[in-house]
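Asker: Just passing along the structure, written as structure tokens.
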Amino acid sequence: MVTLPRLVVAAPSTGSGKTTIATGLMAALRASGHEVSGHKVGPDYIDPGYHALATGRPGRNLDPHLVGESRVVPLLLHGAAGADVAVIEGVMGLYDGRLGTSGFASTAHVAALTSSPVVLVLDVARMSRSAAAIAAGMAVFDPSVRIGGVVLNRCRPGRNADEITGALEQHGLPVLGMLPPDETLATPSRHLGLVPVDERAESVALIERLGEQVAAHLDLAALLDVARSAPGLEGDAWDPVLALRGDDCVGFETASFVPHDAGSTDGATPVGQAAPVGRAASASERVETNTVEDQSDRPVIAVAGGRAFTFRYPETEELLEAAGCDLHPFDPLTDPALPEGTSGIYLGGGFPEMYAAELAANRSLLADLRTAVEAGIPTVAECAGLLYLAESLDGTPMAGALPAHAAMSERLTLRYPVATAASDSLLTRAGEEVTGHEFHRTATSPAAGTEAAWTVDGAPTGFSSDTVHAAYLHVHWAGYPHLARRFADAARSFAPVGRAASASERVETNTVLSSATVDRVGLDTPPPSGSGGSTSGVADPLRHHGDVEVGKGLLDFAVNVYPGERPSWLDEALHESLASTAYPDEEPARAALAKHHGRERAEVLPTAGAAEAFTLVARARPWRKPVVVHPQFTEPHAALEQAGHSVTEVRLSARDGFALDPAAVPDDADLVVVGNPTNPTGVLHPAASLRALVRPGRLVVVDEAFMDAVPGEPETLTTTRDDGLLVIRSLTKHWSIPGVRAGYVVGDPAAVGDLEAVRTPWSVSSTATAAMLACATERASAEARERAERIVAWRDHLEAGLRAQQIEHVPSTASFVLARPGAGVRELLRDEGVAVRRADTFPGLDPEWVRIAVRPPEKTDRLLSALSRCKR
């Protein structure tokens, strides 16, 4: 018998406050010195996240449907190992279980299986004695369930509380506390339930507040007495090593668990050898079996984590580790590539739809993931993982490793099915059955691949092959450990022959080709000209700009100037500047810009637009190996050539989403120029990636001409004080003053001084300095934010229209979108009266691409109509 004080927190219905009370109780008990184990009845992933934060231990699930009745107590003992009290949070109403099964997998079912007393939470905000009637009825409904006490939620002391307490005590139900109403304790809802703890920045403070409130208003000593009244439990704790060796895996076709288990079965088991089925392994055996001596035999499993992928059962990871795998978490939002040496990929659940734009922006990882799946690296994906592998999610590009598109749906899919393996696959053999759960508001088209993963309710669902298993269905592998065993075996046997190099590896295989003035570093063989392809009719592609595309009678989608009226205060400042007869004085503007960005005067230099800044950079030093990251605004490249420098191009690839890998920049580059967000791709590179380019003896120049179109400017480097870093900004686009030529440089004072030393006197006009002064105020900042938000809304409308016409485009963060309607479409659009910017003059792009400026919806609809006609 195992002694484990424990209780179940239950309620008559969802929304009564179970999570609040249970999580607060865990936190309060921990704060009072107890080692607390948190558990959740049912399949839910979110509540265990709060439990983990409250207890400092992994949150665990207890679900007879997912793992079988016989494993509930062993899993409880496993999760509670080392704890002196366990708190089990219920699900839905106390007696609500799987429909049609008389309450199977309900809170009451788990309470009975674990012989745990129940603490009933009653929301009495709108009740009096009726609350006692509900509790009394629940207490006698099932003799196998014992209610040890009641907590009144949203209840203040007073006459009504006394009325309820008296009625409950008449029926032998003691009141263990009253929690008053407090809206600050609410956990916000998401379309599938509560918001995951990893997505709430204030989660720690919330848990602390819950614990304080529970400690103040509930009788912890009485609650512990209820927990200690639980009888001892028979049986052993669940052990992942034994689960992989035991009956759960016997009879399931798979490779051997540990390669060395063909030895003696008499006496002690040799190190590294599995104990025979039917004999429990000793503690020393389990330790040794978990530690594979030959590290080359420990396959690296990349496990998706971070805010977008928070849903996975800890037992799944424990089974994989017991099977000899080396788990490496990675964050799909921020990590540029899969972990080094990956030979298996596990993509669990979460809310990728809430982070679709950020996931799509991490193009280098998407490309690495797609390459890995195509190369045959064993990959398991559940729900969110399925969406991440799809071609797109609500029109936003994803990894493209599965031939499916996903979209949000009005219909909530909520089921607790028995699923049948539709075919032999990475995880399954045709005809095998598992239990699982689905809970999602998305759908894929198609719903299943040529080889489905499962058959659920008679319909095929998901995608499978010898190396991939992807479906909406969540399966608790503690109930089916042979799935972990098969996955581990497949990862162990994977040979990474033919796999494309990761981003970090590709830099070693890049080819440098020389011409008269240009070296090119890139993944694709560059065309002979300075552009991405044919540039017929253009004398100098590097000097080609969008304004030449515009003509009389043409609707302008070629120039990236904000299409609205200028603010009256800006016009007034511009007009007033013309009244002066003095030479330009840039000092007031310099001081205002420095204050605006929190910099010193020596760190700021006004310029005649960004173009002058690029010229100054080109002439400031005798660059040995200047690098320009393409495709991007070509003026820096042209300025360097004009100054007599030989330019090295680093070309970003469309198949990688034009993502920047800092390692692709040659180590000996002493100047690196890169746009952010980049013109024409609209890609916003992470600030960390750009800062990774900085090193002694190198100047990194970041063109932020379009950063003010990004709400909040999350990746700006204007406030970053790194030696060897310069940021170039422009006022012309966002403020609709391209004729004024107003820009400035912010950054390393030594580099700013070098630029100032080669500048022509009075290059910045009085009108430009007036614009700088006017646009460096709080009023201007507020207007800039409003303009940025409008651009986002207009751009969303444009991108939705492009998706509707199935026109490939790059998800943008700027005031333009790079689209690929096909060669010749630009010319056809001109015939329709619409001007877009040709993109083949940008190095790395060809005539299939065009850049489309963001405009208000009424104008965008005219463009989209013209595009539709051009495609016919």
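Just so you know, the numbers here start at 1 and follow the chain as drawn.
A Cβ is built for glycine as well, from the same backbone N, Cα and C atoms used for every other residue.
Relevant sequence annotations retrieved from TrEMBL are reproduced here:
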DOMAIN    7-191  domain 'CobQ/CobB/MinD/ParA nucleotide binding'
DOMAIN    301-478  domain 'CobB/CobQ-like glutamine amidotransferase'
ACT_SITE  C383  active site, nucleophile
SITE      H474  site 'Increases nucleophilicity of active site Cys'
REGION    519-539  region 'Disordered'
DOMAIN    554-867  domain 'Aminotransferase class I/classII large'
Asker: Can you check how the pLDDT averages out over the domain 'CobB/CobQ-like glutamine amidotransferase' (301-478)?
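Answerer: Averaged over the domain 'CobB/CobQ-like glutamine amidotransferase' (301-478), per-residue pLDDT gives 92.
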Asker: In the structure shown, with every protein chain counted, which of the recorded positions C383, H474 has the densest set of Cβ atoms within 10 angstroms of its Cβ?
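Answerer: Of the recorded positions C383, H474, the most buried by Cβ count within 10 Å is C383.
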Asker: Return only the integer: C-alpha distance in Å from the residue listed as 'active site, nucleophile' to H474 (site 'Increases nucleophilicity of active site Cys').
Answerer: 7
Asker: State the three-class DSSP label for H474 (site 'Increases nucleophilicity of active site Cys'), counting H, G and I as helix, E and B as strand, and everything else as coil.
Answerer: strand
Asker: Using DSSP reduced to three states, classify C383 (active site, nucleophile) as helix, strand or coil.
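Answerer: Assignment for C383 (active site, nucleophile) reads coil.
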